[in-house]
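The structure under discussion appears below in the form of structure tokens.
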Amino acid sequence: VRIVLYSLIFLLSVLGNSLIITVLVRNRRMRTVTNLFLLSLSVSDLMVSIVCIPFTLIPNLMRNFVFGTGMCKLVMYFMGVSVSVSTFNLVAISLERYSAICNPLTSRAWQTKSHAAKVITATWVASSILMLPYPISSTLKPFTRRDNSTGHMCRLVWPNDIIQQSWYVSLLLLLFLIPGIIMMTAYGLISLELYRGIRMELSTRKSSRDRQASTGSIKPGDSDGCYLQPSKRRSVMGNPSNSLIAGRMTSSNSKANLMAKKRVIRMLLVIVFLFFLCWTPVFVVNAWQAFDRRSAYRLTGAPISFIHLLSYTSACVNPIIYCFMNKRFRQGMLATFSCCV
């Protein structure tokens, strides 16, 4: 069962993230600021699936890490960098969406693709520096197997308990608690702003219907909520049919923009929720081991395998979310591969 699950996650992650990268790179229309961050997220997920999943499954099956100390350090390092990059990218996306929706006028000056590229580069550099203790501290530890032969495990070995505890508490703060607070605050304010937008939309449509009913140009039940544009008041009064058409177009565009924002935020919230759902057990177990090693080591065998499997699941859920919750991505995917056929 474990082999099937690991293999399924590996295939879904490699194929799904490769698909996302291909679509976003080849389709210029989809190279938005938010999608650049999602592209970075897919690259880090692909890195986890290629480097980490096989080198975790095979040693678990063989009960021996046969790939050497160098690969042990590389796997530990890449896993740490990937988690850090994903977290920082999700924080950057939440702040970018907050600025775009809550402060649209001020955000236009800096909300560009070049600025997004700089932020993404900074997240990768910061993550690479932050996770340097992993390759330094990871090594192969010998242990005696059931048949009295000697096997090796890829483990982190710290100089003392204080350093180990400080490290895992720092990770818990930097990659879990602080990002979680920032994202909850940002998306909470975004939801409040969207709620205000919906109320304003309904209020504007109601006042527009009342004005049109009072002029007698349109029957009270015939309009779906029109805006009277002040700059075109003369032509509107002169031609009621043009008023209806222009009003409907304005109302439709406003409502469509609002609904598009809601769909994007809903998709991003699902991504954030699943990311933390997948990685929370790993953070908790690592902190538990740092402070209470004896009781934490009871989590061996199936429980710890499930926790690792859950963390790797994070690498394959994003492509599924994009396909089911992002109509524009599905259209971009069809456009990308229709050119290849």
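Heads up, the Cβ atoms here are built off N, Cα and C, so glycines get one too.
It should be emphasised that the depicted structure is a prediction, and the values quoted were computed from it without experimental measurement.
Residues or ranges marked as domain 'G-protein coupled receptors family 1 profile' in TrEMBL: 16-322. Taken from TrEMBL, the feature region 'Disordered' applies to 206-226. Here TrEMBL flags 6-25, 37-62, 74-95, 116-136, 167-190, 264-284, 304-324 as transmembrane segment.
Counting C-beta pairs under 8 angstroms (sequence separation of 6 or more), the transmembrane segment (6-25) reaches the transmembrane segment (304-324) with 3 or more such pairs. With a cut-off of 8 Å on Cβ pairs spaced 6 or more residues apart, the transmembrane segment (167-190) and the transmembrane segment (37-62) reach fewer than 3 such pairs and are scored as not touching. For the transmembrane segment (116-136), the residues of the chain that approach it from at least six positions outside its boundaries are 33, 36-37, 40, 73-74, 76-77, 79-81, 84-85, 88-89, 92, 96, 156, 167, 174, judged by C-beta separation under 8 angstroms. Cβ atoms under 8 Å from those of the transmembrane segment (304-324) belong to residues 2, 5-6, 9, 12-13, 15-17, 19-20, 38, 41-42, 45-46, 48-49, 52-53, 56, 60, 82, 86, 267, 270-271, 274-275, 277-279, 281-282, 285, 330, 333 of the same chain, restricted to positions at least 6 beyond its ends.
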